[in-house]
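Sharing a structure, written as structure tokens. Questions coming.
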2 protein chains.
Amino acid sequence: METYTDIPEKLKLAVLERIKPTEPEREKLLTIQEELASKVKTAAERLGISDVLVRMVGSAARGTWLSGTHDIDVFISFPEETPREKLETMGMAIAREVAKHAEHAEDRHAEHPYLNIIYKGFDVDLVPCFRVASASRIKSAVDRTPFHNDFVKPRVKGLEDEVLLLKQFMRGGGVYGSELKTQGFSGYFTELLIIHYGSFENTVHAACSWKPGQKIDIMQHSEIEHDEPLVMVDPTDPRRNVAAALSLDKFCMFIDHCREFLKNPELRFFFPAAPLPLKDSEIREKLEARKSTQLAIVFKTPDVVEDVLYPQLYKMEQAAAALLKEYDFTVMKTGVWSGKSETAVLLELISGTLPNVKKHIGPPVWVKTHAEKFKEKYKGADGVFGGYIENGKYVFEIQRKYPTAKGLLEERLMTCSLGKSVCKSVSEGFEIIEDAGICRLKDTDFRVFLRGWM
Amino acid sequence: METYTDIPEKLKLAVLERIKPTEPEREKLLTIQEELASKVKTAAERLGISDVLVRMVGSAARGTWLSGTHDIDVFISFPEETPREKLETMGMAIAREVAKHAEHAEDRHAEHPYLNIIYKGFDVDLVPCFRVASASRIKSAVDRTPFHNDFVKPRVKGLEDEVLLLKQFMRGGGVYGSELKTQGFSGYFTELLIIHYGSFENTVHAACSWKPGQKIDIMQHSEIEHDEPLVMVDPTDPRRNVAAALSLDKFCMFIDHCREFLKNPELRFFFPAAPLPLKDSEIREKLEARKSTQLAIVFKTPDVVEDVLYPQLYKMEQAAAALLKEYDFTVMKTGVWSGKSETAVLLELISGTLPNVKKHIGPPVWVKTHAEKFKEKYKGADGVFGGYIENGKYVFEIQRKYPTAKGLLEERLMTCSLGKSVCKSVSEGFEIIEDAGICRLKDTDFRVFLRGWM
């Protein structure tokens, strides 16, 4: 902390100018929220459903939303004793009534179903939930949200700008978002950080010295141990880690982002230059410069939400790398990109080819039965180049089954343990493309991804 | 032992017919030995050196020499109290007198100097030694030899054919010879095996079940522990392992040779077909089939005896492999060949090239000082492709210093720890040849070596 410069007020103001909702924006949001609340009530009445309350939750309700985002969370709460099935049918019935006024509506599913609608340009989630007495009695994960609202709203009052700065700063560092694709920081998490450390600046200073095992427990009520890199005990639930979804690498990326920022507090840490897509000629130049082997497993993007898709892609990335390693290929790094129509798992290898000959080491000569069996199997067999004794063990030079990584993946990828949706898509067809072959993928977003990759 | 067939008498006779010295051969050897003995005595007298005895030792003296070999060991022994320097000058003076009758003479050096001469076609060593009272009081390694003679001669009487069979069998298996080049079994060792096991057949049967740690102690007088794979306690010296020079691999090769032989007791185990030298076209075919990278470090053969040369070559073989591994190359096997004019250290690699890009893993991000120093060093530095965080650690993709094995060896071979003679020769010039480049080496013996290699 010692040698870092302070964050200039001017810089913070410049950031806020770009991210803080304007007065008209604020008013519009309020109006829309009120409209939605009244529509929910009317719908409930029309459907003869009583004892229903409407709650606005999330950043929009707490005044910690970034200008330009148009997300509203409307929670439709039912008495605690309502049977789950009834809650779902009645909740969705009300939501569907409201959706009649929307530009677009879509059924979604978390722990239970909810409705996502586009209403006057806003992205609105209509979420049925239980009205429980305390966060420790929740029946579904969403039931917790109102408690978060209750905790944050009064405490973050006056600190909204600090939350906005931190959110945008995390966006700039690529660590904002707790979805399974990003595995970064959630909005609630940033609010708690500001409540705990008091300001954006304090948070950034503190994070520079974070280590895995860092624990923040605002209510001092932690009840269990967690083994995630960062533990933010939920003030509304002593058993829950708000940072459970944060990966080690996103945790480290944030620390790194904070350190770099404090060395040179500049606007670019909030608004990094958008990387340009890589052109074919650049791809070829980079391949020539690196002289490694680039492989991409390309298949049709499965038609599932990102929170379902990405864990399966990360699993596939690991499985493909493990398969390659099992057959002696050296994987330098792996990556995942998914676009609207196509998805690619990328693998960079030391080399995509190995010799035909493979050294197969057997048991020590003096372990008689094993050694003799081993020798019998390989001596003079088809595809065996030769044999000798090395360090007391029989060694045979045998024919390598998969001398190319491409061939190996083509033949054995389907034997890997793959997630359901990915497995389905891959089994319908996939392609292994190598080196300059990736120029085939023209998607701009993919080309932007490639600039970070190569 | 159970399922092996007996060794047919006919086979043994057929072998003996080819290796057992004929009566005229025997007589000639005796005559030559007598001539040499008398010449030593005459020389001593002429030089006025008294108290000198002549002893015929080695296989020629024990009747365990193979037909066709023409080695005679003549030991010129001096009283125990003779000063070492005097023994050397007087001993060599006598030897040089004898050498006046020889076709060729050459000074050699073991623990002390001796003379090697060619006399009437026989290869004769004239070795000065001390006449000590017991093998435990020897002043030089050669002083032991007369004691070996004394032990073996009476006990091997009647078993000479068994020794001859075992020696030839070991020759056929490539494990005969205790020089530092071969690291196999010495003649004395084979005699002790026959004395211990009673016959060639028993020895072969027993060896099939040998394990490292096998110990034979004929006199039951072992005084110390040894960690070599096979321990044959010297009957004339309780602290000495006769098999100290035997390498683990030669030990195993012998076990393997015995097992294979007992499965099919055939003449070829004594007289294997001489392998044909590999032709250029065959080299190319094999390279194409294996698709690995062959490297040969070629230099002028140092002008030293094999017992000096080979340990240095084996050391160089290890050092070159270690250097390659240090720089990420994967060495599949190594080998050494040395001819009259040129010497080659051979290395087979998975690949002789690596990508330009190399993954350089740094400290965890949270180990602040180290991590920041590491990042500062590599971020944006020349030849750095990019950086990222993986498993909590900074990773930079840096320019590999040596992307080819050939370039690495050319530039850094001389930094390896090399033996004196090899170092001198290599520093005068060496060449790294790759793959089909080895066709440049035409030496027939090298081409025979290559057949075993590829």
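All positions are counted from 1 along the displayed chain.
Each Cβ is built from the backbone N, Cα and C atoms, and glycine gets one as well.
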Determine which of B:Lys41, B:Lys167 appears in TrEMBL for the same CTP site as B:Ser59, B:Arg62, B:His148, B:Tyr176.
B:Lys167
For the Mg(2+) site that TrEMBL lists with B:Asp71, B:Asp73, give the additional residue from the candidates B:Asp6, B:Asp125, B:Asp143.
B:Asp125
Which one of these binding-site residues, B:Asp71, B:Asp73, B:Asp125, has the sparsest Cβ neighbourhood, judged by other Cβ atoms within 10 angstroms?
B:Asp71
Who sits close to B:His148 (CTP binding site): which same-chain residues at least 6 apart have their Cβ under 8 Å from its Cβ?
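The answer is B:Val57, B:Tyr188, B:Thr236.
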Can you check what DSSP calls B:His148 (CTP binding site), collapsed to helix, strand or coil?
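DSSP assigns B:His148 (CTP binding site) to helix.
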Of these binding-site residues, B:Arg62, B:Lys167, which scores lowest on Cβ atoms within 10 Å?
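Candidates: the binding-site residues B:Arg62, B:Lys167. Fewest Cβ atoms within 10 Å: B:Arg62.
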Identify, in sequence order, the residues in the chain of B:Ser59 (CTP binding site) that are 6 or more apart from it along the sequence and have a CB within less than 8 Å of its CB; answer 'none' if there are none.
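Spatial neighbours, sequence-distant, of B:Ser59 (CTP binding site): B:Trp65, B:Leu66, B:Thr69, B:Asp71, B:Gly187.
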Can you give me the average pLDDT across the domain 'tRNA nucleotidyltransferase substrate binding' (B:161-271), rounded to a whole number?
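So the average pLDDT across the domain 'tRNA nucleotidyltransferase substrate binding' (B:161-271) works out to 96.
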From the DSSP assignment alone, can you count helix, strand and coil residues within the domain 'CCA-adding enzyme C-terminal' (B:292-434)?
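Across the domain 'CCA-adding enzyme C-terminal' (B:292-434), the residues distribute as 51 helix, 53 strand, 39 coil.
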When you measure from the Cβ of B:Tyr176 (CTP binding site), how many other Cβ atoms are you left with inside 10 Å?
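Its Cβ shell of radius 10 Å holds 22 other Cβ atoms.
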Using the Cβ center of B:Asp71, B:Asp73, B:Asp125 as the Mg(2+) site position, which other residues in that chain lie within 8 Å, going by their Cβ?
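These residues sit around the Mg(2+) site: B:Val57, B:Gly58, B:Ala60, B:Ile72, B:Val74, B:Asp123, B:Val124, B:Val127.
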